[in-house]
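Here is the structure we will look at, set down as structure tokens.
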Amino acid sequence: MENVFASSFRSRKEDEEAQSWAAIERLPTYTRLRTSLFKSLAEDENQENKLVDVSKFDVDDRSLFLKKELSRMTLLLGPPSSGKTTLLLALAGKLDPTLKIEGQVSYNGFRLDEFEPRKTSAYVSQNDVHLGDLTVKETFDYSAWFQGVAHRYDQLNELDRREKEAGIIPDSDSDLFMKLLGLDICKDTVVGDEMTRGISGGQKKRVTTGEMIVGPTKTLFMDEISTGLDSSATYQIVRCMQQIVHLTKATAVMFLLQPDPETFELFDDVVLLSEGQIVYQDPREQVVPFFESCGFKCPERKGTADFLQEEKLLMRRTLPVYIFKAVQIFVIAVIAATVFLRTTLHVTYDDGSLYVALGKPQAIIPEEVANEQSDREGSEGRRLETKISINGNNAGEIQMPQVSLQSSANGRNTEATNRAAPWRGMILPFTPLAMSFDSVNYYVDMPSVFLDEVMELVELTNLKNAIVGLPGITGLSTEQRKRLTIAVELVANPSIIFMDEPTSGLNARAAAIVMRTVRNTVDTGRTVVCTIHQPSIDIFEAFDELVLMKRGGKLIYSGPLGQNSRKIIKYFEAIPGVPRIKERQNPAAWMLEASSAATQVRLGIDFAEHYKSSSLYKEDATDLTMIIGAMYVAVLFVGINNCSTVQPIVAVERTVFYRERAAGMYSALPNALAQVMVEIPYIFVQTVYYSLIVYSTVTFHWKLAKFFWFFFITFFSFLYFTYYGMMTVSITPNDQVAAIFASAFYALFTLFSGFFIPKPRIPKWWTWYYYICPVAWTVYGLKVTITVTLKTESR
């Protein structure tokens, strides 16, 4: 019987050669990259696969093909200007009919011109357009009545008959959807508009979603429904939409800007667009393996949706930002080096030469030879000795030998060394040379350069000549308007920045650019306080500290995040009954879910009271450095805030002054005195309630003299900060330049205040600035007041 498993050496060699050729055939060559395998569109049984050169496809051949089935919820992702909104409008049949459209959209084989798509599909716009005089409930009821019942008439008729027989009075569908979207607490509140105060922006976004899904349509196209919502609310809404789609056999295509990993896992399919072309269209479970097979590996702590929306060459595009940052760090390093410079060197050059000379024998010379050499002429001895160097210098080094004569027993003694005589001169012959310079180029810092850098930072350089326009009608898109809003605030270069939802309306790429800018701003010594809805993992962990609050304004957590959010996770997991965080789950979404009202009711615990009893809430009043630092930062914060807020007021008053002065009504000195004197009552009132609150909060010793000194120091600190802001406006052309000029001295005030660097450790050439720095006297007064107070308490 023949052994089928046996093979000769020759056959094995042939197999190896065949495998090698097969591997070579799979290598990416130029020809293979231009061709692809396509099936023929013939409906007969003899379908053939053909190699087609895809580079020769025209616009019609490169059409976008999208196929969606029933009971499927699809997530649409893509970078800016990739055609996401246009695609959703085309699928819903709401594109402008005057546009030239190629291709077709069909529902179950029926084209859009064969039926009315507006009765079958619903498009949820990214712009919130409502009737401001209607309440939330009236808006839902009107939308439900307007859309009707459609194909559900027979079902609802039978349901109504059975409810009447059973004596059941059901709630309306609008109440169900309002509870689903968390709008039941404001159902009797008017929506509002630009002239009428109404619900918040996040609630308006929920109303926009609810008035579309309250109808009978089974095809939903949702565009940025998560803008203005936090991660927990977005997760709940998408989860309810998933159940609606699966139970009613509907179809939903949803575009989200920054979906969390747990929200991303609720979708069935994923469609990724880029420049109007489909990059990926398949089930959600296969998207990560697909891109990993292409060489794009998802980082460990990054959401899948954020990973899919990354763009190539981001580092190269933002290269000027890194260059500017490097130059800025270099300048700061030079300034810091001059402040922290070590001014004393105990070991000198001469001492080192002496140590080398004493520890190293240079030569062993007999006494007879030494006496014979000492009897020679000084010039000859000098010529001999100059060839010997204690420090090992060669003949090429420029050092003048020193010759000194000392009296000795024989009356003549020549000593030659290799040191330059400080009192001996030297004549060097040279030819006079005249030098001139032509076409000298130099750089002058201008505000326009900083504006260009900010526009490049937020990627608005290509749109610098575009008109802003009206929201939702003309001009910039929603995310471009958000980036423009952030850029307007960044050009002022403030020291303390408060940002209210800076990433709302932005996708993951734009949000990462904004947060990288915020991180760079914080690294320069400034303070940034942000409120962010639905942050991704990398954006959430970019912050240093977290302040978490629940409804009612009660504090749940205030402290550091830690590396990979370890501290916040450790804090909540230590509470009995709180579920542990899952792998690859967003800590922000898990934190909101774990601290929700439903969790408090289930566990029977108040997170606010639990935080007050924790170690994070307790402060050590005996720690002198922390108390001084708190006082210093508090006074500096209020002072800078006074300086920043007074600048636009003074700028307006200056315009009025120039106008009235031209008319002969105002004079310079009375106007300046009026502006100076009018600030004193306001600063006095501000100092009174500030001192009472701070002095009692820090629990200082209640003594009238101590409180008076604390009030005195705080009052004049606020006063000179306010006058400093007024001065910057007076010497600059406008309030924007004044803000930039004022912020330049904030760092100097902080550096030479005596808090970070005590006065004895400041170099002598910078000591003069310590005495003229007003913040230094504020810190000195606070130190004296607090130190004496603590000593009194300890006694």
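Heads up, the Cβ atoms here are built off N, Cα and C, so glycines get one too.
Those TrEMBL annotations? Automatic predictions, nothing curated.
Under the heading domain 'ABC transporter', TrEMBL lists 46-300 (among others).
According to TrEMBL, the domain 'ABC transporter' annotation covers 324-577 (among others).
What TrEMBL records for 322-341 (among others) is transmembrane segment.
Residues or ranges marked as transmembrane segment by TrEMBL: 624-651 (among others).
Long-range Cβ contacts of the transmembrane segment (672-695) within its own chain (Cβ-Cβ under 8 Å, at least 6 residues beyond either end) map to 631, 634, 638, 642, 646, 650, 653, 707, 710-711, 714-715, 718-719, 722-723, 726. Positions annotated as transmembrane segment by TrEMBL: 672-695 (among others).
The annotation transmembrane segment is assigned in TrEMBL to 707-725 (among others).
TrEMBL lists 737-757 (among others) with the feature transmembrane segment. The list of residues near the transmembrane segment (737-757) in space but at least 6 beyond its ends in sequence, with Cβ under 8 angstroms from a Cβ of it, reads 335, 339-340, 447, 450, 492-495, 525, 628-629, 632, 636, 640, 643-644, 647, 651, 724-725, 728-729, 731, 766, 769-770, 773-776, 778-780.
Summarising the annotation, TrEMBL assigns transmembrane segment to 769-790 (among others).
Long-range neighbours of the transmembrane segment (707-725) within the same chain, counting only residues 6 or more positions beyond its ends whose Cβ lies under 8 Å from a Cβ of the stretch, are 635, 638-640, 642-647, 650, 676, 679-680, 683-684, 686-688, 690-691, 694-695, 700, 738, 742, 745, 774-775, 778, 781-782, 784-785. Across the residues of the domain 'ABC transporter' (46-300), the predicted structure has a mean pLDDT of 76.
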